[in-house]
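Here is the structure we will look at.
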Amino acid sequence: MWRRQQTLLRRLPPLRAMAQAPSSWAADRLGCYYGSAPEGRKGKTAPLQARGMVDKFRMRAKGGDGGNGCVSLRRSRSSRLGMPDGGNGGKGGDVILECSRSIWDFSGLQHHMRGGRGGNGVSKNQIGTRGSDKIAQVPVGTVIHLVEGEQPSLTVNKPTRSLDPWDIPGTAEQSSDSDQIDNAVTKGFDVGFSHRHIDPKHNTDGNEAVKGSNSQLENSKYLHTYTYSKPQFSSTDCDVRIYSCKEGTDEKDQTESEDEEFWEDEDEFDMDKEDDEEEDAREEQDVQYCVAEMTKPGQRLIVARGGEGGLGNAFIMKEMRPSKANKQEKIARLSTGQPGTESFLILELKSIADVGLVGLPNAGKSTLLSALSRAQPEIADYEFTTLRPNIGSLTYEDYFSVKVADIPGLIKGAHENRGLGHAFLRHIERTKVIAYVLDLAATLNGRKGVPPWEQLQDLVSELEHYQEGMTRRPSLIVANKIDEEGAEEMYEELKRRVQGIPIFPVCAILQEGVPDLRVGLRNLMDDSDPQGINFEKNDC
Ligand SMILES: Nc1nc2c(ncn2[C@@H]2O[C@H](COP(=O)(O)OP(=O)(O)OP(=O)(O)O)[C@@H](O)[C@H]2O)c(=O)[nH]1
């Protein structure tokens with residue numbers, strides 16, 4: 001026993017390492033580090049930031065396939081030949097992105113998302129179950145680029161409450177359109193075969209056109225009667241995958257092989273850096289940029305739709321009355337569930353922070369963020385410690401809360417992709433306030449840095465290169481490292497050269513001057529007519 005415990009204990013370290021590997025691997029592979037190699041590293045390597053923010057993400061989504069309709073005959077004494085009583089297949093589940101305030105980045109997402117398959121119809125007119133929806137939560141500020149597939153469409157948050165069995169059927173007409181359709185469905189099935197055809201003009205969910213074959217077209221015309229999403233079909237001449245609906249084993253095999261096809265693409269997210277770059281270049285050509293943007297918590301977007309279920313023979317015989325000649329063939333065609341749509345997306349996060357900290361590498365931005373908020377970013381005395389953005393929340397006594405974004409350091413020429421380039425500036429594109437963090441000690445004690453006023457000039461010029469007019473938004477300067485010897489004189493010189501913008505002397509490491517800075521940020525947030533930087537007035 002004792003020996004067995006010892007063996008297990010000896011095995012523990014590798015097991016722990018294995019458990020940690022995926023997170024660091026994911027942070028490394030999937031993070032937002034797209035710029036060229038950092039210049040200022042000078043031989044030192046920054047530790048891998050496993051907790052860094054994942055702000056760019058590739059995703060492949062596939063709606064669940066519709067279930068097949070059932071072919072069944074109910075024999076009784078009154079009808080020896082049998083009455084068709086096969087139910088319709090259920091609709092496949094959708095893949096939905098939901099905007100949530102409690103999510104910060106894409107680190108919790110899966111690269112492949114697939115809606116559940118609709119259940120097959122059953123005898124006694126029982127319809128198949130609806131495939132389960134796959135819902136992925138994304139942060140506020142998610143921008144969606146479409147590489148392949150159909151345009152995503154907005155969906156209304158439907159109440160989870162199921163239909164009250166005691167609802168009077170006639171009252172359904174007064175409810176919203178989607179409810180109306182749902183209720184109509186229930187009614188249709190309640191009365192056995194009396195399916196109602198709902199006029200396509202009731203369609204309110206803005207579905208895009210979907211391609212389908214003749215059979216699908218025919219099929220879906222009737223499917224409208226019991227589903228609330230009604231695709232409008234635009235083309236009838238493309239290939240369709242037709243499944244055998246009678247042989248259960250074949251159907252299973254087919255679904256499995258399709259599954260493999262879908263999941264085997266996992267490798268596409270596991271490529272070498274070179275392949276990654278090639279792929280990026282190829283993708284860039286066909287990407288439809290910014291097809292949707294999620295800015296409000298609770299917003300839902302369907303990125304892949306579930307396929308419609310196939311028709312049961314009860315419905316086909318009743319509503320479509322196929323001629324004897326091609327009856328079997330037609331039933332087989334119509335009872336096949338339709339495949340779900342597929343899309344390939346790139347999700348990008350444009351954080352919606354209130355304050356953006358910009359500064360040269362090593363200016364002390366991360367230290368300042370940790371002094372202002374409870375965020376714990378990586379801090380070290382070499383450049384480019386921060387490789388991914390960090391966001392902290394600054395809360396005031398009256399519970400007013402301000403989000404502060406710390407982005408990797410900018411250097412002169414970042415617009416030519418030097419350092420980490422402009423890749424992270426999208427995170428401060430939407431901030432209300434910009435805080436320029438300047439290092440007062442950059443040239444002191446024999447350091448070969450840049451004086452604070454030149455740092456400011458470089459930062460302003462990089463921001464303007466990224467987006468014209470960006471520096472006109474409310475701004476303040478944080479003169480950091482005031483504790484260093486000679487920093488006071490630098491601060492006085494900075495005040496003399498840069499005017500018309502509030503300057504806060506701060507020692508982030510000792511949290512000196514931080515309370516005043518908090519007040520200054522609050523004033524800028526509240527101020528209705530604050531000023532940005534005007535270089536013409538200044539002597540930088
Ligand atoms: N003396 C002094 N040192 C500071 C102060 N604030 C930060 N530092 C030091 O400056 C170095 C860089 O700090 P960081 O917060 O990592 O700087 P950063 O701007 O986030 O750097 P990057 O991640 O490269 O962009 C660290 O060694 C800090 O300890 C300060 O107020 N006084």
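Keep in mind that glycine also has a Cβ here, set from the backbone N, Cα and C atoms.
Unlike curated entries, TrEMBL annotations are predicted automatically.
Summarising the annotation, TrEMBL assigns compositional bias 'Polar residues' to 172-182.
Positions annotated as compositional bias 'Basic and acidic residues' by TrEMBL: 196-205.
Residues annotated as compositional bias 'Acidic residues' in TrEMBL: 256-283.
Annotation comment: TrEMBL describes 51-352 as domain 'Obg'. Averaged across the domain 'Obg' (51-352), the predicted model reaches a pLDDT of 67.
If you look up TrEMBL, you'll see 353-526 marked as domain 'OBG-type G'.
What TrEMBL records for 59-90 (among others) is region 'Disordered'. Long-range neighbours of the region 'Disordered' (59-90) within the same chain, counting only residues 6 or more positions beyond its ends whose Cβ lies under 8 Å from a Cβ of the stretch, are 109-132, 134, 136, 149, 223, 226, 243, 245-246, 251, 255, 258, 262, 265, 303-318, 331, 334-347.
What TrEMBL records for 156-182 (among others) is region 'Disordered'.
Marked as region 'Disordered' by TrEMBL: 195-215 (among others).
Summarising the annotation, TrEMBL assigns region 'Disordered' to 249-283 (among others).
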Residue counts for the region 'Disordered' (59-90) under DSSP, helix then strand then coil, are 0 helix, 8 strand, 24 coil
